[in-house]
């Protein structure tokens, strides 16, 4: 018996008639389903119990044998085997067809496989198969050619003239005869010869034919199997018939389609027995052919067969296709038990690793565990009474539940799960009510808020699953975001505001300049009203919580600080610097010396002479968390986060910051600014009327005048604002809102865009505080409506992008420690003009150096090759003035089906080296797809024609990853050389580039802006005009490296412009997947076929083999595939079929007899194996446990953090 859960590969092929018969348990002869009186299946019908097995467990059709003791007996009255009813899901039947029919996938698919094998056009095939023309199968000694088509008239004429010396036939029988006559070896050799000379159309046709014929030859499939003599009937439980309440029956469409086939087949048999006229028989055969077509793929040819209400019936192909098909609905997405969902509410008193689970929900989810425990504790005698106790909710059940859920993590998931932080594990605590309580800090990761969001709970059952949930998925472990390595659990909103308020300073506050002996005394004074949180005071430096970074000399001095900052620093680890000002040096090194004062000094004077120090905003809090994480790892960080959260909530409550209409102060000088702007606009309009400037220049100038006016107002507003204005505090702290919201409230709303995205030159001069006029309000509605429509579209687009990205990279897994490559990537800062988009430091951190880097001046070694570049080293490299560094990169990694640890570098989510088995492809896809919803949808419209619209945001990302021809394409140079002249020709310009060997002339399209000047030296692949380069063009004129770098740079540009940071390595993984195929140009002496797409590794393997034999290697050129195309070209047919174009992928795979080696994640999910990543990898599965001596360690019970 084969082990269903453990096999090495999966193969697909064409089924021969004998194979179909061997699967079958009997022939279905009648179209009947069930008897309408007895409701029992009819004998020999589509639900026959003799063929498919009994309907009830261990019971035959006539009832002679009942009970399990007759297992395996075949009833002598009704012929039904006594067995489980489950076999009705696996036993197949068959229909013996009275005439062969063609399989529509192979005849109708594009390209038509049958047509390629026979070298006939699909049109001709259709005429033969559907009985419109005869085809010559044997020409004999007549002037006819084999495979020649004859009409009815011609056929009769030739029959009269030549008698029976030639043979011609119609229908699938004729095609079958032709397919059987093919000598594959002969055809293949003939085509290979032809390829040496053929050109153009003939060559492409020959390549296509060769590919199909080679597939047949190598796979052992026979071409004649594309014609069916026997039709398999799938098991009845997979096409069920169920009784509805009203006594009517609902049935699967397949039964209708099968019934049509059986009816026509039986009628054809009868006609043949009667010896009916050929024209009637032909018509019946055609109808049989159409019935089988409809069963296999309804609607592929002609009009689909419809059921009641003109609804097309769902055929076998439709069962596989699309979101509702077998692949995506049942194999890749299953419903799971031990799960529940409920509304979420905030749980501010939870610890980082906890969540609140409603009592009734927990009881239902942990039922089996509670039952077992009840029996073990002797509270119930057996499982049945334990179950009864739970159903009656008796009081002792709750105590048992408490002990069961202790230490048993549960998973919380919020849809849409855009990245892996959308599912995290928590320790449950029981809460009253029916809502799940969620820790406020994990909301960012889930993108959750409490306006009615719901979340699902799942229970990990096995001890391995629990261990994984606790060690890898616990919320306290997931502090960093996998996309950029920055903390994702930063406080937000109230928490930020509270900590901001806590660390404010106010000159002249009550009790300024008082000196206290320690923190406690200062707090006492605060509680009794002698000082305020914002009061600047002094305490002995040695008395504060985290004084370990102070020098001995500093410890003898007084530390100038505020009461609030004393409280804030209490939450930090002892060896962390005392944070007194929001600067990088204070965070990373130590408290600045200016805050230490000798004990005898006049404290009040010293304080009065100082400026107020800025409070800590959201960004600083984020930096503090990152720094604590870097030094103290997980346990300490999550403790500190909880304390920071508590402080934030406590002091935002104390602060009582509110917003009232009186807080919005309208700017006094606004009218003057607007008058000035209006005067400038009038002047521009005058110039335009006199014909001094064009319409376009006028428009641009007007827009810029109003934009400047708005900026001036914004600047003055921000200056005039009181630093303690509640709205200002909210925006300054990063809790809510920004400067632009402010300007709209108190300054002016500014310019708006119309529905097409063009800016309307009439500005909205009012602010919300003053109120808008009717026209202004109307103009504003455009933007508001477009915003809402965009958001809805964007979500769907972004989700689809993520799906394609996941699909193309799902098999990229870290497979080994070092691939030993000698290649690398030369990187520098990414710039757009003079603006740095991504600094060298950002690109270096967490990567391995490919070559040793030395200081340009001193020559000291900054980093050796193959060593990890840490934050400090990266900073040193940048400070040394090094511009470019050679690093290891996923682009140049030699590992098959994945990457190696060295080329990938550090795992951003943990801040440590990446582990073997990490599914970096999926993480990359999630990291690029998840921020997709934050990107804009807009294409910027610069008024008029010139400088075509530049695509930005999400559409641009799709354009890059799908390798489409970009909008507003730039012209690039194909050679190195010098720009000699730029000529004006008619209505366009021409750029002449002179190289060492040849001179090229490039026509510049109308309206494009030039980027080069005469006399400038340029290199191949360089842009001559502004715009986006077409990466396919770039690949033709340069090499792979240039294309990889270009794509990486462009993706980073789009995301960084929108303020989204993504690690380079994620983009590298995706781009690598787009460039892993080559197209063979010349096969040399290898077995590969010219014109085919091959994986780079397959190609090099084939070449290595012939080179060792001293023969001619093949040549190929790299191909850039868009992600959709790349997913469909993957080696795994299961993965490709479950992605898109299911029928096409399966048709192709069957003919080639493809083997799926099950290397990716999707394939394994589909067949129900563990995914070969993480702990599912073979190297982690075959682990033996060795019992070691238990070392005596005292573990505090209430802290369950796990160090990584």
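Glycine is no exception: its Cβ is also placed from the backbone N, Cα and C atoms.
These features come from Swiss-Prot:
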- 60, 62, 75, 78: Zn(2+) 1 binding site (BINDING)
- 449, 451, 453: Mg(2+) binding site (BINDING)
- 819, 893, 900, 903: Zn(2+) 2 binding site (BINDING)
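All features noted in Swiss-Prot, drawn onto the structure.
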residue: 60; record: Zn(2+) 1 binding site; Cβ contacts under 8 Å, 6 or more apart: 49, 54, 66, 75, 77, 78, 80, 81, 82
residue: 62; record: Zn(2+) 1 binding site; Cβ contacts under 8 Å, 6 or more apart: 75, 77, 78, 80
residue: 449; record: Mg(2+) binding site; Cβ contacts under 8 Å, 6 or more apart: 443
residue: 451; record: Mg(2+) binding site; Cβ contacts under 8 Å, 6 or more apart: none
residue: 453; record: Mg(2+) binding site; Cβ contacts under 8 Å, 6 or more apart: 343, 344, 414
residue: 819; record: Zn(2+) 2 binding site; Cβ contacts under 8 Å, 6 or more apart: 893, 894, 895, 899, 900, 902, 903
*Three-state secondary structure, which DSSP defines for residue 903 (Zn(2+) 2 binding site)*: helix
*Taking the center of the Cβ atoms of 449, 451, 453 at the recorded Mg(2+) site, which other residues in this chain have a Cβ no more than 8 Å from that point?*
344, 448, 450, 452
*Just checking, which of 75, 893, 903 (binding-site residues) has the fewest C-beta atoms within 10 Å of its C-beta?*
75
*Just counting, how many other CB atoms are there within 10 A of the CB of residue 78 (Zn(2+) 1 binding site)?*
16
*Compute the centroid of the Cβ atoms of 819, 893, 900, 903, then list the same-chain residues not in that set whose Cβ lies within 8 Å of it, in sequence order, for the Zn(2+) 2 site.*
816, 818, 821, 888, 890, 892, 894, 895, 899, 901, 902, 904
*Other than 60, 62, 75, 78, which residues of the chain come within 8 Å of the Zn(2+) 1 site, judged by Cβ distance to the Cβ centroid of those residues?*
49, 61, 63, 64, 65, 76, 77, 79, 80
_For residue 451 (Mg(2+) binding site): DSSP state (helix, strand, coil)_ = coil
*If you draw a 10 Å sphere around the Cβ of residue 900 (Zn(2+) 2 binding site), how many other Cβ atoms fall inside it, taking every protein chain shown into account?*
22
